[in-house]
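*Asks:* Here's a structure for you.
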Amino acid sequence: MFPKIMNDENFFKKAAAHGEEPPLTPQNEHQRSGLRFARRVRLPRAVGLAGMFLPIASTLVSHPPPGWWWLVLVGWAFVWPHLAWQIASRAVDPLSREIYNLKTDAVLAGMWVGVMGVNVLPSTAMLMIMCLNLMGAGGPRLFVAGLVLMVVSCLVTLELTGITVSFNSAPLEWWLSLPIIVIYPLLFGWVSYQTATKLAEHKRRLQVMSTRDGMTGVYNRRHWETMLRNEFDNCRRHNRDATLLIIDIDHFKSINDTWGHDVGDEAIVALTRQLQITLRGSDVIGRFGGDEFAVIMSGTPAESAITAMLRVHEGLNTLRLPNTPQVTLRISVGVAPLNPQMSHYREWLKSADLALYKAKKAGRNRTEVAA
């Protein structure tokens, strides 16, 4: 039974399992990023070093070294990859620690190249593994630093041990080296693919978070206004129709005060769903904040927009909120068709806002068109 080694990754996993979130501080995020980096390096290191055990062992058999070299080889190939992970995962700064581990890999690799007498094929396999790891983890800067460490380590080993340089590889050494030469690049490519896929998904999520309203899933105001500006410019350029709607839930403050904010949130989500069900997929829905929504209906005259909103009104008449079926949602809508005389998209927005004010002043639960 091995003792459970407590580290920060265990802490984050334990907190998630109990429904707790660790404090979101820059330090914690840096630490978690470092742990993810160390975990990505762990598998390639373990496979690469284990795969080099037989090629190195075959060269040692041809000129037997002292017995302790075999212990060092076993420890390097099968213990060091897991020890390096534990060192990095328990470090205050896992990223810096793992970079140090990679440099240690380079030093040890250079040592083994020297011990093998620079035997050409096993040394080439070792060089390939180290170069891929260094370049993939730290780019050209870490690659050059690691390469220098390997060369220096190899030269020092040759000098201290007095081993004769022999570039020739026996057939056995060729056959034992070929599998790792073929397999390791495939493994490295697979790990890189997995990392790229996760990064792309992370980027997509960040993009959604930056453009969508968290409660309803429709566009937030900042992104929606960007789309409105683009639509305004395109319609003016191509002389195309478009209609802008601003929608407000009637007596929303009263709903909040009477039934609570949870019911208010239900009302906002219910209106969002009704708009999504009733309007076209090409209509751009955005939440302005609170209970106010806006819709861009591209290629649509005001009459068609009014007809669509009549269907929304009818749908809301039969809609009941799950926890408060006695509440009936009513909305006021301001409709503003694009006017060629408008010089800025904010004039269009103001026109729809004035139409909304007109609908509220006329008694609410209605749709009004800008004059």
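Placed from the backbone N, Cα and C atoms, the Cβ positions cover glycine too.
Bear in mind that the values here come from a model prediction, so they are computed numbers and not experimental data.
As annotated by Swiss-Prot, Mg(2+) binding site applies to ASP248, ILE249, ASP291. The substrate binding site annotation in Swiss-Prot covers ASN256, ASP265 and is backed by similarity to another entry. The domain 'GGDEF' feature in Swiss-Prot is assigned to 240-371; the stated evidence is sequence analysis. According to Swiss-Prot, the feature site 'Transition state stabilizer' maps to LYS253, an assignment based on sequence analysis. According to Swiss-Prot, the feature transmembrane segment maps to 46-66, 68-88, 112-132, 143-163, 171-191.
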*Asks:* Using a Cβ-Cβ cut-off under 8 angstroms and a sequence gap of six or more, which residues of the chain neighbour ILE249 (Mg(2+) binding site)?
*Replies:* ILE255, ALA267, ILE268, LEU271, ASP291, LEU329, ARG330, ILE331
*Asks:* So which of the binding-site residues is most packed in, judged by how many other Cβ atoms lie within 10 Å of its Cβ, out of ASP265, ASP291?
*Replies:* ASP291
*Asks:* Counting CB pairs under 8 Å, which listed stretch among 112-132, 143-163, 171-191 touches the transmembrane segment (46-66) the most?
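*Replies:* Against the transmembrane segment (46-66), the leading stretch is 112-132.
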*Asks:* Cα-Cα separation of ASN256 (substrate binding site) and ASP248 (Mg(2+) binding site), in Å?
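*Replies:* It is 14 Å, counting Cα to Cα.
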*Asks:* Average pLDDT across the domain 'GGDEF' (240-371)?
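*Replies:* Summarising the domain 'GGDEF' (240-371) by its mean pLDDT gives 92.
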*Asks:* Around the recorded Mg(2+) site, report the further residues of that chain (criterion: Cβ within 8 Å of the mean position of the Cβ atoms of ASP248, ILE249, ASP291; site residues excluded), sequence-ordered.
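*Replies:* The surrounding set, listed in chain order, is ILE247, ASP250, PHE252, ILE268, LEU271, GLY290, GLU292, PHE293, ILE331, SER332.
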*Asks:* Highest CB neighbour count within 10 A among the recorded positions ASP248, LYS253?
*Replies:* ASP248
*Asks:* Quick one: DSSP breakdown of the domain 'GGDEF' (240-371) into helix, strand and coil?
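*Replies:* Summed by class, the stretch gives 60 helix, 31 strand, 41 coil.
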*Asks:* Give me the Cα-Cα distance between ASP265 (substrate binding site) and ASP248 (Mg(2+) binding site), rounded to a whole Å.
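*Replies:* Checking the Cα atoms of ASP265 (substrate binding site) and ASP248 (Mg(2+) binding site) gives a distance of 14 Å.
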*Asks:* Most CB pairs under 8 Å with the transmembrane segment (68-88): which of 112-132, 143-163, 171-191?
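*Replies:* It is 112-132 that shares the most Cβ pairs under 8 Å with the transmembrane segment (68-88).
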*Asks:* Return the count of C-beta atoms lying within 10 angstroms of the C-beta of ASN256 (substrate binding site), excluding that atom itself.
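*Replies:* Other Cβ atoms within 10 Å of ASN256 (substrate binding site): 17.
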